Amino acid sequence: MQATYLDKLNPDQRAAVVHGVGGADIPPPLLVIAGAGSGKTSTLAHRVAHLLVNGADPRRILLMTFSRRAATELTRRVERITTQAMGTGYAAEALTWAGTFHAIGARLLREHAAGIGLSPDFTIHDREDSADLMNLCRHGLGFSKTEQRFPAKGTCLAIYSRVVNAEEPLAEALKAHFPWCQSWEAELKQLFGAYVRAKRDQNVLDYDDLLLAWAQVMSDADFAAHIGGQWDHVLIDEYQDTNRLQARILRAMKPDGRGLTVVGDDAQSIYAFRAATVRNILDFPDSYAPAADVFTLDRNYRSTRPILTAANAVIGAARERFTKDLWTERESAEKPRIVTLATEADQARYIVDRVLEDREAGTALRDQAVLFRTASHSGQLEVELTRRNVPFVKFGGLKFLDSAHVKDLLAMLRFAQNPRDRVAGFRVLHLLPGVGPVAAGRILDALDLSPQPALALEAVAPPARAAADWPGFVAAMTSGAGWPEEISMIRAWYDPQLDRIHEDAEARRADLLQLEQIAAGYPSREKFLTELTLDPPDATSDRSGVPLKDEDYLILSTIHSAKGQEWKSVYLLNAVDGCIPSDLGTGSTEEIEEERRLLYVAMTRAKDRLTLGVPLRFYVTQQTRNGDRHVYAMRTRFIPKEMLGHFETTSWSPPQPAGTRPAPVHRIDVGAQMLSMWD
Ligand code: ATP
Ligand code: MG
């Protein structure tokens, strides 16, 4: 009875699932390293279920993966498997410690704030907030004025982030990844010092801090033992995309590796640009030797043979690779397609035509996905989908949360939680009429000096033009109302301001109402803000940020966000040089190799049908310093002529609209005809 779920696994998978489980001891460190679609995530889910079935306490299992969506999917699978095995299983919620590294870090830091020199009401900055704070520091030091070509705020943040996540000295990081900024080393050092002090003074943490602070507190052996001791089992998916800090955290939590299970695929490592290192997975057996056990899987269950063969060819040309080629038993006569098109607009039309055709033939929209290298590349497609009323959800793109009014409301909540958060403070105070940067700075300075900033707000004398709005503002910000009443109060204050600030106030009003509804689903303000900051909801075609009522929708996703997922039919936009590989990087071999793996990840998302679009006139936005430019594109270099045999190559152009056909040759004498009516 209990073994039925094991019967569905192949022998290699089963061996990994049961390895070391059920004995008196915590299992030894375990690595599953294998190619795309070989069942790594399935194996991980089964292993968690197997632990539970064998009596493990779900609260003593820590499950980490790269997105909240993936974590939710994983815990649901565990629920299904345990239910099948035991009649009544473990509800997904029983696994209370499942999430992303960053979300788990945030939770631990807040829980232990008092003991580690943090204030538990800290707020978390997303990348944009962090860049804004970096900019404030940049201005504060005068670098932006005196040094004309000083790196932009985003570049400064990227450098800082690299140094932190890769644990790399600044000079090395600059030399290897930002050579054009090397002459600014001294200034950058000063800037980063100021940035770190500003975060501390303002009681804010950025993304990187969630890992950095976690790693730092783990250097205290007692504390590390206390934290690590909370869990008997720590299981991690997509391990190839972790960075050095993450590896260090794991090591500190589980020094001998007992209870540790990591799974991944070095051929799918695509986050080196964010300082992830494939060394973590490749060195795992050695760093936990001799206890560590390694399992590999070699059968792909996802894709048809022609798709797998083409994907194997692409990755086969990689310079370095540990995982071996996969095999499959899924036969099909259909090769993956490369379609050449004149323009991106044609590409969009072609794809929407095919998507709708396949839906007619029985493939639901949600079984189809369109992938792209960069979020901005789906613009034309979104227009075409909207024009033809095809609902879609976009992963990893511009978010509902990025719109100004939503950010305003979230900033107000953050400011209410932590009045020392200056980025939030500036944003919020600017909403008041007559408050510019100087007045806002003065008000925030007054709050900084006060031991009780929330109360100090009441004592502030606002600029004359803001006087009428001020009492209502202060009341909303310091209401002390519980959750979610607080967000209603804040929205009520913000509502009349919308008409003053925005022309399309009505549409924005509807968004904010929806945000309030989303908020009501969270137990507390901190949880709401943390989750939204770390893992914002996906954008949908009606821009609401909440699941569409029409349950069937097409998925649009960056390749990075499509990691780990699969669809019956997958389209890849812009399979051209300049896009994959992107021409934005330094062009180093490592960067190019990462782009090859990215193409491999994209191709291996497809189960039955794979289509690569090659628009010859490829419009690249946000491309050069001087603005946009057109690029005449060529098929990606990762599919050279010799590989074309694995594909079906075609071209497509839209049917000519009826009005533009050449006129018929015979002439009609209109005048004579008109006259004939009266003759
Ligand atoms: P990726 O590298 O893309 O993350 P993966 O190795 O994690 O892929 P899974 O997503 O776990 O692979 O599995 C791929 C597909 O194969 C899923 O649809 C899964 O249900 C199916 N699958 C895995 N193992 C088996 C099996 N033993 N029998 C039948 N189907 C399987
Ligand atoms: Mg997976």
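Glycine residues also receive a Cβ, built from the backbone N, Cα and C atoms like all the rest.
The following features are taken from TrEMBL:
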- Ala34, Gly35, Ala36, Gly37, Ser38, Gly39, Lys40, Thr41: ATP binding site (BINDING)
- 7-304: domain 'UvrD-like helicase ATP-binding' (DOMAIN)
- 305-564: domain 'UvrD-like helicase C-terminal' (DOMAIN)
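Locations of recorded TrEMBL features on the structure.
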residue	record	CB count, 10 Å
Ala34	ATP binding site	27
Gly35	ATP binding site	28
Ala36	ATP binding site	25
Gly37	ATP binding site	25
Ser38	ATP binding site	28
Gly39	ATP binding site	22
Lys40	ATP binding site	25
Thr41	ATP binding site	20
- Do any of the binding-site residues Gly35, Ser38, Lys40 touch ligand 1, in the sense that the CB is under 6 Å from one of its atoms? Ser38, Lys40
- Query: With the ATP site defined by Ala34, Gly35, Ala36, Gly37, Ser38, Gly39, Lys40, Thr41, which remaining residues of that chain have Cβ atoms positioned within 8 Å of the Cβ centroid?
  - Reply: Asp265, Leu297, Asn300, Arg302, Leu326
- Of Gly35, Gly37, Gly39, Lys40, Thr41, listed as binding-site residues, which ones have a Cβ less than 6 Å away from ligand 2? Lys40, Thr41
- Message: Looking only at the domain 'UvrD-like helicase C-terminal' (305-564), what is the model's average confidence as pLDDT?
- Response: 87
